[in-house]
Amino acid sequence: MKQYLHLMKKVLNEGTEKEDRTGTGTVSIFGHQMRFNLKEGFPLVTTKKCHLRSIIHELLWFLKGDTNIAYLRENQVSIWEEWADKTGSLGPIYGKQWRAWGTPDGHQVDQLSQTLELLKNNPDSRRMIVSAWNVGELDKMALAPCHAFFQFYVVKKTLSCQLYQRSCDVFLGLPFNIASYSLLMHMIAQQCDFFLGDFVWTGGDIHLYSNHLDQAHLQLTREPRSLPHLLINRKPDSLFDYHFEDFSLEKYNPYPAIKAPVAI
């Protein structure tokens, strides 16, 4: 994960101080790309301990098309608590857009299912895209999508994916995002009988919050360790039938966690 630490150092060294929606303040750069070869290991940050259970449950929750945090609460995942209303609803965020994008005539589009069909039946397509950035529903969302748009690419039975992330919290959010989309790639590769290729991450406004700077400097003192390996213990009938127990991680040997406040 040296790419991640390089980006963190770049933000610290080259970033500009900016105000932001949360009122916290950031140091920010605009535009950067990283590439992770998933054949070399699962890209979960080792320079601090990451909560893989939350990453897995959040992705399974997205895949269900769910936008209420009840499922997350049942599984002791609290990462969306601050944005939910009294009923637990977050509005039409990621899961709704991935699985049930509303059309002007009142129908719904399951973008993920359509993309899976293309991956299986027309893998040379340039339309294997899923978007969460639904302009017509942004004002109904508790939080506008940060990881907004992703595209798949297949060559010689090898699956790659590129994500565009319009807003990136480097210290807290980015390790989750990299691991989450890499996990999704593992699942789709299994479902489609593909080899694993590259996860390509492209960022827009890439920032460290002003109350994360000390934590970032601490993390940069730590030498990255070998990447762990993700195992999927069974092959479900579809992408939407995975359970938490289907995943295990081997040889994850991180440094201790580094606590930091979440900007709301």
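Using the three backbone atoms N, Cα and C, a Cβ is placed for every residue, glycine included.
Here is what Swiss-Prot says about this protein:
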type     : residues                                                                              : note
BINDING  : Arg21, Arg126, Arg127, Arg166, Ser167, Cys168, Asp169, Asn177, His207, Leu208, Tyr209 : dUMP binding site
BINDING  : His51, Asp169, Ala263                                                                 : (6R)-5,10-methylene-5,6,7,8-tetrahydrofolate binding site
ACT_SITE : Cys146                                                                                : active site, nucleophile
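Shown on the structure are the features that Swiss-Prot records.
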residue : record                                                    : DSSP (3 states)
Arg21   : dUMP binding site                                         : coil
His51   : (6R)-5,10-methylene-5,6,7,8-tetrahydrofolate binding site : coil
Arg127  : dUMP binding site                                         : coil
Cys146  : active site, nucleophile                                  : coil
Ser167  : dUMP binding site                                         : strand
His207  : dUMP binding site                                         : strand
Ala263  : (6R)-5,10-methylene-5,6,7,8-tetrahydrofolate binding site : coil
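Rounded to a whole number, the distance between the Cα atoms of Ala263 ((6R)-5,10-methylene-5,6,7,8-tetrahydrofolate binding site) and Ser167 (dUMP binding site) is 13 Å.
Put simply, of the recorded positions Arg21, Arg127, Cys146, Asp169, His207, the one whose Cα is nearest the Cα of His51 ((6R)-5,10-methylene-5,6,7,8-tetrahydrofolate binding site) is Asp169. Here His207 (dUMP binding site) comes close to Val11, Gly15, Lys18, Asp20, Thr26, Val27, Ser28, Ile29, Ser167, Cys168, Asp169, Val170: these same-chain residues lie at least six apart in sequence, with C-beta atoms under 8 angstroms from its C-beta. With a 10 A radius on its CB, Arg127 (dUMP binding site) counts 10 other CB atoms from all the protein chains.
Its own atom aside, the Cβ of Ala263 ((6R)-5,10-methylene-5,6,7,8-tetrahydrofolate binding site) has 20 Cβ atoms within 10 angstroms in the protein chains shown.
Most buried of the binding-site residues Arg21, His51, judged by other Cβ atoms within 10 Å, is His51.
Ala263 ((6R)-5,10-methylene-5,6,7,8-tetrahydrofolate binding site) has its Cα within 10 Å of the Cα of these binding-site residues: Arg21, Tyr209, taken from Arg21, Arg127, Tyr209.
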